[in-house]
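First comes the structure, then the notes that go with it.
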Amino acid sequence: MVVRADLLPAFSVASLISLVGLPVGWLWALLAPPQRMRVVTRDGRLVPLTAESWHRFDGLAIFLLLGLVTGLLIGVVVWLLRARRGPVMLLGTVLGSLLSAWLAMRMGVAFAEGRYPVPDPLELGEVVELAPVLETAWALVAQPLTAAFAYGTLAAWNARDDLGRRLS
C-alpha cells in the first residue's frame, strides 16, 4: 500500500522541514526593527517614540514574508521528491511547515531579545530599544499554507495519474 510506504519518508521530511525554522527565526531577528521607547516614569514605564509603534507591524510583516518565501521553497523542493509524491507527503510537508513556523517564531523572538537587551537601571528620559515581538499566532499559518499551495499547484499542473512517481 502506497500510504504505508510513504509514512516514514513523510515523517522524515516533516522533521527536516521543522529544522528550517531555526535559520528563519535567526534571519527574522536580524531583519525585524526594534521599537525605540522613552522611559517616562521613575518606575520604568516605557512609551514608544513617534511612529515607532509601527515597527510592531513591520516585524509581523517581515515574519509573514519570510514564511511565504520559505513555504514556497519547501513546497517546490518536496515536489521534486518524485518517488514519494502524494497526499501523505503533502500532509508531512504541511505539518513540518507548521512546526517550522512555530520554531521560527519562538527562536526568532529569543534571538531578538538577546540582540536587544534592556539596560537594568533605567534612567528617566532615556531612550531604549526593545526587541521586536510577534503578537499574533496567526503568523504561523503563512508558511504551511504557502507550502500546501505550491505543492497543490504543482500536483494540479501535473497531467499524470500517478503524479509522475514512475519515470516510465
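Glycine too: its Cβ is placed from the backbone N, Cα and C atoms.
Per TrEMBL, the features are:
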- 7-29: transmembrane segment (TRANSMEM)
- 60-81: transmembrane segment (TRANSMEM)
- 88-112: transmembrane segment (TRANSMEM)
- 137-157: transmembrane segment (TRANSMEM)
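Under 8 Å from some Cβ of the transmembrane segment (60-81) lie the Cβ atoms of residues 9, 13, 17, 20, 24, 27-28, 31-32, 89, 93, 96-97, 100-101, 104-105, 108, 134-136, 139-140, 142-151, 154-155, all in the same chain and six or more residues away from its ends. Tertiary proximity for the transmembrane segment (7-29) is limited to same-chain residues at least six positions away from its ends with a CB under 8 Å from its CB atoms, namely 59, 62-63, 66-67, 70, 74, 78, 81, 84, 88-89, 91-93, 95-97, 99-112, 115, 132. Sequence-remote contacts of a segment are chain residues at least 6 beyond its ends whose Cβ falls under 8 Å from one of its Cβ atoms, and for the transmembrane segment (88-112) they are 2-3, 6-7, 9-11, 13-22, 24-26, 28-29, 32, 34, 63, 66-67, 70-71, 74-75, 78, 81, 131-134, 137, 139-144, 147-148, 151-152, 155.
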